[in-house]
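Chemist: In case it's useful when we look at the structure, here is the feature table from Swiss-Prot:
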{"type": "REPEAT", "residues": "58-90", "note": "repeat 'ANK'"}
{"type": "CARBOHYD", "residues": "N125", "note": "N-linked glycosylation site"}
{"type": "TRANSMEM", "residues": "206-228", "note": "transmembrane segment"}
{"type": "TRANSMEM", "residues": "249-271", "note": "transmembrane segment"}
{"type": "CARBOHYD", "residues": "N352", "note": "N-linked glycosylation site"}
Amino acid sequence: MFPSLQSFAKKILASQHVLPEDYYHILKRCGLWWYKAPISLDCKHMLIRLPYFADGLDLNTALMIAAKENNYQLIKLFTEWGANINYGYICANTQPTREFCWELGANYRLDKKKVMHMFFKFIENKTSQYIILCHKLFNENPFPTYVIIREIKSSLYWRLRRLVEDEDLLRDVSDDDMLTLYCFMVALQNDLREAVSYFYQHFKHLNTWWLICALCFNKLFDLHYLYEQEKIRIDINEMMRIACTKDNNFLTMYYCFILGADINMAMLAAIQFFNMDNLFFCIDLGANAFEEAKALAEQRDYYLISHRLSLDIYHPDPSLFTLKEANPKKIYHLLNNYKSKSMSAYLDYHINDTTS
């Protein structure tokens, strides 16, 4: 789009590195005011600088935000400065805004590649700011949400399906909620605390899923916050089963153990998910359902596990029974340098057996 003389003048004004506050009223009159601050343009890299994005947003991203906000003045301005109007169309969630984008040259059909490019650009940035921005741009925005969910739904669905046995819980997840869950998982796994807090605060109806994710990703302090402060409750043995879905989830498994979860059930879950470190951890915590566990292992053709369970060499680890309350700091300290005595017993047996 060929820029007007007016937009060119605004570009020069926005490119000034430092403007005294006396100029602020001029910037407001010129439409160079956004989020209670002047719009600043880095012409070398074509970045829009905002108070909550000090490192700057590229023009296409700024255009997407303006389109989501139905800000026609900025949509036109950013397009004249060089942004691709098709990116604005991605986030145009009202008919008048879509029509305005068409007037500025947007394609009538949504470009799926551009949608996925921007989505993964935000997600892979792995900062709280970008995760929150990604969610705000695409959530409750049926056109791009539909495209994104079609691309990620299959892998995400089976990822979630592994965590919960209640299929009704999955069936009730809307496309918007699935997108929210995906963004939350990225934030939680990468310890993006600002983004995690954002989801906790704004999406209370997904609290059960927040608890499930904390269990699965071994996030002890999040689990304690959700369980004790938010009072989110599901069956304690189901909590333990979810914690057992990933290997080395000792922190969340121990938390469930202290709350009273059946450690023999956890032993069977460790076999079900073929997680050997979890299995030895359960034995250290006193699990003794060896016959049932062997039968399950043989049923699944896990003969190496069955052999390990047939050995009469295991004993609980007394050091793991010192805590009586689910205190996350104490649990973290207790398990910080944890080494499985049961695994050591098996390795010693295996070494002696092969050398004799």
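Including glycine, each Cβ sits where the backbone N, Cα and C put it.
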Chemist: Look at the glycosylation sites N125, N352 and tell me which residue has the greatest number of other C-beta atoms within 10 angstroms of its C-beta.
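Modeler: Neighbour-count leader: N125.
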Chemist: Looking only at the repeat 'ANK' (58-90), how are its residues distributed among DSSP helix, strand and coil?
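Modeler: Grouping H, G, I as helix and E, B as strand yields 25 helix, 1 strand, 7 coil.
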Chemist: Average pLDDT across the repeat 'ANK' (58-90)?
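Modeler: Looking only at the repeat 'ANK' (58-90), pLDDT averages out to 92.
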